[in-house]
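According to TrEMBL:
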| type | residues | note |
| --- | --- | --- |
| REGION | 14-50 | region 'Disordered' |
| TRANSMEM | 82-101 | transmembrane segment |
| TRANSMEM | 113-136 | transmembrane segment |
| TRANSMEM | 157-188 | transmembrane segment |
| TRANSMEM | 194-214 | transmembrane segment |
| TRANSMEM | 226-243 | transmembrane segment |
| TRANSMEM | 263-285 | transmembrane segment |
| TRANSMEM | 297-323 | transmembrane segment |
| TRANSMEM | 343-364 | transmembrane segment |
| TRANSMEM | 403-425 | transmembrane segment |
| TRANSMEM | 431-450 | transmembrane segment |
| TRANSMEM | 465-485 | transmembrane segment |
Amino acid sequence: MFLCCRRHLTFSPPTAVPSPSGHRPLKPRTPRAPILASKNPPPRPWPLPRRQWRWRCSNTDAVQPPPLVEASVSGGGEKKSFWAAVSLIIGTAVGPGMLALPSATIRSGPVPSTVAILLSWAYVVSSIVLVAELSFAAMESGGVNEVSFTGLASSTLGATFGGGVAVVYAALSFSLMVACVAGIGSLVSQLFPAVNPVLANALFPCFAGVLIAFFPFKAVDGVNRVLCGLMLVSITSLVVTGVSVGRSSMLNSLGHACWSPGAILPAIPVTVLTLGFHVITPFICKIVGDSVYDARRAILIGGAVPLVMVLSWNAVILGLAGATGSARFDDPIKLLLSVNPAALAPVRGFAFAALATSLIGYAVSFPKQLEDTLQLIVKSFSMKQGSVELSNAGGDHGRNEEVVLTLAVLIIPIFIVSFFSTAFAKALDFAGVYANCFLFGILPPAMAWIHRSRKKRSPGSCEDILPGGNAALLVLFIIAVILAFRH
């Protein structure tokens with residue numbers, strides 16, 4: 001009982017007291033010096049416990065607390081958010097062209113087309129992971145929190161070749177934004193025929209421009225998540241509609257399989273273009289977190305959702321084609337509407353949400369690309385660096401430039417779609433085929449090989465996040481060249 005209270009009491013050293021029974025009296029206990037105060041502490045008879053894992057940012061012994069995912073991004077209004085990056089990937093990767101994919105897979109059948117889609121997705125994700133690896137390496141070496149594809153190309157391929165890549169990349173991004181504005185304007189005109197076409201083209205881009213330029217990124221993320229929810233609900237409704245009509249023939253359609261290259265290969269380029277989101281990858285690396293592994297995880301999670309959507313839509317439409325006897329068809333949407341006209345509303349909802357989320361993804365990432373491209377062009381005319389460094393402007397001046405660029409990249413497409421849509425059609429074809437294959441197919445493995453060959457290995461260097469080494473880069477490069485010639 002007394003021992004239990006010992007920790008609450010204060011004792012003084014005992015003194016020698018004669019024992020009444022004749023036993024030897026107790027000797028006073030000498031207080032023991034604390035071990036921590038000694039310069040040479042005695043060896044411990046037991047092993048020390050393992051030190052808990054801490055987040056380290058260098059090879060030194062300096063220990064820092066792990067960074068929060070929702071930390072603010074210095075120099076901007078964005079906040080690091082893993083799930084905001086995932087939703088941005090989902091919205092940008094899924095385009096309305098996904099609805100037309102079964103027209104390219106009908107010849108091969110459900111099983112061969114599923115295998116082709118899975119392999120295409122693996123190729124696309126591997127290429128995007130390379131872009132993320134290059135982006136984080138450039139941000140770390142440059143001490144910045146955002147890079148562009150122009151910066152990646154210039155740092156690995158040189159200023160001369162990087163300048164050409166920057167112009168092509170800017171043209172591609174601009175063409176994609178024009179395509180999104182044209183698609184949204186067409187949907188608005190279908191729903192409200194009395195609205196002026198210019199106003200129909202300008203409604204959502206102006207809303208997106210004001211949202212991105214004058215509101216925090218949290219508001220942009222909220223709108224993007226709502227649109228992603230609308231897209232998921234719409235595609236689920238379309239899949240359920242197709243299954244309810246053709247579920248009896250979906251299993252029978254599995255028996256049709258054509259494994260010839262002539263039947264499978266036409267679907268691969270379309271699938272690659274449908275599932276790609278290389279354009280926003282540098283911006284994703286800015287907001288996803290402080291580690292390239294966070295970016296890889298977001299790419300895998302965000303890219304898996306469009307994959308499931310594509311696989312389910314392809315299986316349903318091919319099964320529906322077997323149920324209706326349509327062995328050949330040009331428009332899967334017309335095929336679905338022929339069996340259930342009520343599916344028109346989900347089709348429009350999906351198309352609008354896919355276009356709107358893609359436009360938001362392009363709009364938040366393109367200003368940095370445009371800024372670096374203009375900077376590189378001005379530098380090519382041998383001007384002084386202090387007068388052309390657009391990104392060095394700080395404070396309100398830098399913020400005003402960002403607002404102007406954001407509004408410009410959304411207002412200019414409105415005028416192009418409204419007054420020069422016919423002249424821009426060829427540019428859209430160029431952007432969708434040749435520029436996309438070159439920029440997002442051939443360049444990522446080439447730049448990654450150059451970067452890895454320059455990087456000197458050290459005990460503290462990070463390992464490559466795409467396994468396979470140079471062999472994997474060679475395989476990706478060969479596939480990109482084949483796809484380019486196939487286009």
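Including glycine, each Cβ sits where the backbone N, Cα and C put it.
Only residues 6 or more beyond the boundaries of the transmembrane segment (194-214), in the same chain, are considered here, and those with a CB under 8 A from a CB of the stretch are 181-182, 184-186, 188, 220, 223, 356, 359-360, 363-364, 402-403, 406-407, 410-411, 413-414, 417-418. Within its own chain, the transmembrane segment (263-285) has Cβ neighbours under 8 Å at 85, 88-89, 92-93, 95, 97-98, 100-101, 104-105, 107-108, 112-113, 116-117, 119-121, 123-124, 127-128, 131-132, 135-136, 139, 146-149, 152, 172-173, 176, 292, 295, 298-299, 302-303, 306-307, 310, 361-362, 364-366, 368-369, 432, 436-437, 439-441, 444, 483, 486-487, counting only residues six or more beyond its boundaries.
Stretch with the most C-beta contacts under 8 angstroms to the transmembrane segment (297-323), considering only 82-101, 226-243, 343-364, 465-485: 82-101.
A contact between the transmembrane segment (157-188) and the transmembrane segment (343-364) is present, since 3 or more of their C-beta pairs, 6 or more residues apart, lie under 8 Å.
Beyond its flanks by at least six residues, the transmembrane segment (82-101) meets 69, 183, 217, 221, 224-225, 227-228, 231, 267, 270-271, 273-277, 279-280, 283-284, 287-289, 294-295, 297-299, 301-303, 305-306, 309-310, 313-314, 331-333, 347, 350-351, 353-358, 360-362, 364 of its own chain at Cβ-Cβ distances under 8 Å.
Same-chain neighbours of the transmembrane segment (465-485): 123, 126-127, 129-130, 132-133, 268-269, 272, 292-293, 296, 434, 437-438, 441-442, 444-446, 448-449, 452, counting only residues six or more beyond its ends whose CB sits under 8 Å from a CB of the stretch.
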